[in-house]
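As recorded in TrEMBL:
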REGION    A:1-223  region 'Disordered'
COMPBIAS  A:103-115  compositional bias 'Pro residues'
COMPBIAS  A:126-139  compositional bias 'Pro residues'
COMPBIAS  A:205-222  compositional bias 'Polar residues'
DOMAIN    A:322-360  domain 'Zinc finger Sec23/Sec24-type'
DOMAIN    A:397-633  domain 'Sec23/Sec24 trunk'
DOMAIN    A:639-722  domain 'Sec23/Sec24 beta-sandwich'
DOMAIN    A:734-837  domain 'Sec23/Sec24 helical'
DOMAIN    A:868-934  domain 'Gelsolin-like'
Amino acid sequence: MNRENQGYPNFPARPPPPPSSSSSPFASAPPPGVPPQSGGPETVGFRPHTRPFTPSGPPMAPPLGVMRPVQPPLVSQIPGQGSRPPPSTAYGPPGGGSFQRFPTPPPPPSGPPPTQTLAGHFSPPMSLPPQLPMGPPPQSMSSGVPGGYASPPQPGFQQSGPPINPSYPGVGSPQPSFPGYPSKQVLQGPPSSYPPQAGGFAQHPGQQNLHPSYAPPTSNVQGLAEDFNSLSLTNIPGSLEPGLDQASFPRPLDGDVEPNSFAEIYPMNCHSRYLRLTTSAIPSSQSLASRWHLPLGAVVCPLAEAPEGEEVPLIDFGSSGIIRCRRCRTYVNPYVTFTDSGRKWRCNICSMLNDVPGEYFSHLDATGRRMDMDQRPELTKGSVEIIAPTEYMVRPPMPPIYFFLIDVSFSAAKSGMLEVASQTIKSCLDNLPGYPRTQIGFITYDSTLHFYNMKSSLSQPQMMVVSDLDDIFVPLPDDLLVNLSESRNVVEAFLDSLPLMFQNNVNVESAFGPALKAAYMVMNQLGGKLLIIQNSLPSLGAGRLKLRGDDARVYGTDKEYTLRVAEDNFYKQMAADCTKFQIGINVYAFSDKYTDIASLGTLAKYTGGQVYYYPGFKSSIHGDKLRHELARDLTRETAWESVMRIRCGKGIRFSSYHGNFMLRSTDLLALPAVDCDKAYAMQLTLEETLLTTPTVYFQVALLYTASCGERRIRVHTAVAPVVTDLGEMYRQADTGAIVSVYARLAIEKTLSAKLDDARNAIQQKIVKALREYRNLHSVQHRLGSRLIYPESLKFLPLYGLSICKSTPLQGGPADASLDERCAAGFTMMALPVKKLLKLLYPNLFRVDEWLLKPSEHLDDLKDVLRRLPLAAESLDSRGLYIYDDGFRLVLWFGRMLSPDIAKNLLGADFAAELSRVTLQEQENGMSKKLMRLIKKVRENDPSYHPMCFLVRQGEQPREGFLLLRHLIEDQMGGSTSYVDWILQIHRQVQQNG
Amino acid sequence: MVKMTLIARVTDGLPLAEGLDDGRDLPDSDMYKQQVKALFKNLSRGHNEASRMSVETGPYIFHYIIEGRVCYLTMCDRSYPKKLAFQYLEDLKNEFERVNGPNIETAARPYAFIKFDTFIQKTKKLYQDTRTQRNIAKLNDELYEVHQIMTRNVQEVLGVGEKLDQVSEMSSRLTSESRIYADKAKDLNRQALIRKWAPVAIVFGVVFLLFWVKNKLW
């Protein structure tokens, strides 16, 4: 497989681009210092053109992929701009690159012939046409010719060859015309598909001709690198033959690789953890955008956790007020420019000239920089937080409010959920954000609703039972929602007694709808976070749900999707009302039976919340997971009553948003409670046919109330260049962001179509993108049976496969229960890029060898453990493996694993069936080491608590369920393996290609 | 009973704290909040210097006290005893000064002392019912004299600023118009001068021309 950096050693050999860029790209070709006679050697080189062209065909498409130099995007882009007449098809880079490159061939062995011969040598090409249409050669021809001849600094050359004259002006002028010249077809014929890297091939004829004895393929491999990667699929597509090298398939074993070239070019952009564009090169025209078949958009995680030392700076503009553009309301950012000796500033998004308020004024230095630049983080950093003045408040900042709606019917007490939940809440009381303003309240319900008066003067909470479910009323005006610091004792007394109160409850009904309404009535004064702890299917009152799930007959029909959307409009309506009053809902569901997560999750989806699902909750198994996740939900820093808007430059517009939120107006996302674990995807469209600006700016602004009672605006600014070249867009693509958008689109699609359709849609999108890319390159390459893709998108097919095999989309009704599917869908809609990628292609690593090694340190997991491909072949029956997708940890014990290890890790009952064994720390070094490792894995990603499962090889069906089904690259049941998937994609790319 | 409570800095009208569930059962609480904001704005311009004042608005009445450059304002029913309202504000003031005293001047962001709302709510509850023993005792306590406190109407209070604005606007209009008048007068003066002397000048001109032509011809 070719790597682009192989081409780099060539770069120093390039002469610098000529200082004066004339109207033609060709004119800039020759190095300034070339002596006039040097035209000679090139003519010598040129003569053989007539012959080697045909033989040069094969080396163009060698089986293992031609290497060609990669043009560094920005260096070559500059000469390209302006010199190419049609911007839409302007493959600028190649032009500049190719001719700069040309002079690299070593000096010719033969002496320069008299220039007079030039004419003689030149005439033969005139008779070339019959040989030319052979395919690939024209490129080398075209680039070779102007490179060699179109050299204005060689006056002698120009005069000496009268026959060339008719062709020469064409080369020199902006619009090349070669009357009767064969290569004219190449230059003018297919300009739109003109390969950007034609330049690389310019060397071909040169080298071949100068060293006729040189073996062409090797010279290609060494001297050139390709712009794209390729997979050689030489066997007949469709049949799996041993010749196919699976090991060479790209796998994201290093995790998420972010494209960072732009982070270096634009150091003032916000960090990619906050904003990631699907491609860091914005297309300049609608036609170009339509040829880019991948999503064009961004993934935003406005409150992503920053590592120590990189916190977002907090700014107070004080009396000058927040500096914003008068027209487009853009916040001041590092990309604005100050003019008029500092009295005015130009908005970078709408280029409006604004006045600088007197308090904000600062003089400019000689270079136009503000003198106080260093003291103003908002002018140097891409991410800042601004303290909002009164105009940004419709009411005083709200306190953090946590309201619990707890189902206490029969199963809640039986499963032990009630006990774990109340213990957890109690243990978190000290860490709830926003002390001393934090407020808290509870409602419990089974077939009746129970309210609790927690007035601080009481010693025990008073319980009030409301059994009228049709006409809900709140029995007390105050004291249902109380200040935690004042009523601390009452709250603790309540949490202590809660599990006991209901431990003998035999009521199996659940009046969820009325309870939700009651909670809404209590909360709608101030808003806050509503945590719904639900144990069974809502069975009474409004919002009553039916057992409609898992009827296999519905699957595969057109009605299938209705199972995945809310059954009752009540839920969407309630969610809309809650959002309006700043109530964010998180749903915790525990039932082992069908609970209709599709309906319950709707509440979380439209209020910017999350769904936590613990099927068949048992406190002994899931207790830790619930403890951790509920605690994190309660204690993480949360932004309250927030709204988010993303602005972008003129000519483009964000057209659709994907994630868990409610859209308040066309571009304003209402997020009652948002935190670092939530990300939102959005797609943009071009509104104008042609973008004229060289760059496009994006600005995410999140207005929120911090838990401490400050109203703040978090602003992230980023810039991306506008390009006219499709190849550049592919080079700058960001697989992680694209996959995030795709996953959300696919999940949304399952809400209106069959699973099959959603999967096919993903595949089709990938095929279309790769086909377009292939068309871009097929002109000059004989690609044959190779699947080509840009380096930046090498993991896209695999992630596409993973999306199709992820829980919300996989297989048929038997593969995952409806509730699991929906819960996973709601979760994936909110996941930030890195966590999503980890879930899609989980970590698998072998630990037994590491455990046996005496080394103690455990600093970086990556040093210690090597990720393995997710295929059954990676599993050795003598090993111990850990599979980690961020939500589950599976320890797989090989059948032939040394019993010592098993004994050390599991203690006495190591031979028992592993489903009954829980992993506990044993009194030996190995076990401690493993527990430390697991702890480390969990700490690395604190947003969810991966539960630990143990499984032994061959323990069916547990093994299949826990691990084998998640080995994405294997064929399981009706799903495709990675190889088949690649072959399928490849076949479809070639069709109608 | 107390409907809403706001604390703001007098110098620039910056809100410092506010009772949380204010306006819970007030249909047009937003309108009253706007009035309060306008009132604070007036205060920051130094229009109303009285340190204790009651302002009537619709069915409610604002009571406020200004102490140490901080304005404590509450809105009550008209029937609510004035004495109690001012006692309530006094309580708030004492606690607020005790807790946040040194930081008031340096507060830069709005609602910098929003944590005070818990105390506001607690105190408010004490004053909710006028018939509790505690409140009756306070009512009967003659130590605290509220009779002198002026009562005015909100339109009047807010109107003062408006009227001043009007006056200044009128005077500035007067200035600019008088300037225009002066310019025009000058212009007219010049025109009159021209009209007066133009015929004479023309006659002389013709005569001289004739002389010159005659000289030339000869």
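Cβ coordinates are placed from backbone N, Cα and C, and glycine is handled just like the others.
No contact links the domain 'Sec23/Sec24 beta-sandwich' (A:639-722) to the domain 'Gelsolin-like' (A:868-934), because fewer than 3 Cβ pairs that are 6 or more residues apart lie under 8 A. Over the domain 'Zinc finger Sec23/Sec24-type' (A:322-360) the predicted model carries a mean pLDDT of 91.
According to DSSP, the domain 'Sec23/Sec24 beta-sandwich' (A:639-722) comprises 0 helix, 60 strand, 24 coil. Across the domain 'Zinc finger Sec23/Sec24-type' (A:322-360), DSSP classifies residues as 6 helix, 11 strand, 22 coil. Sorting the domain 'Sec23/Sec24 helical' (A:734-837) by DSSP state (H, G, I as helix; E, B as strand; all else coil) yields 71 helix, 5 strand, 28 coil.
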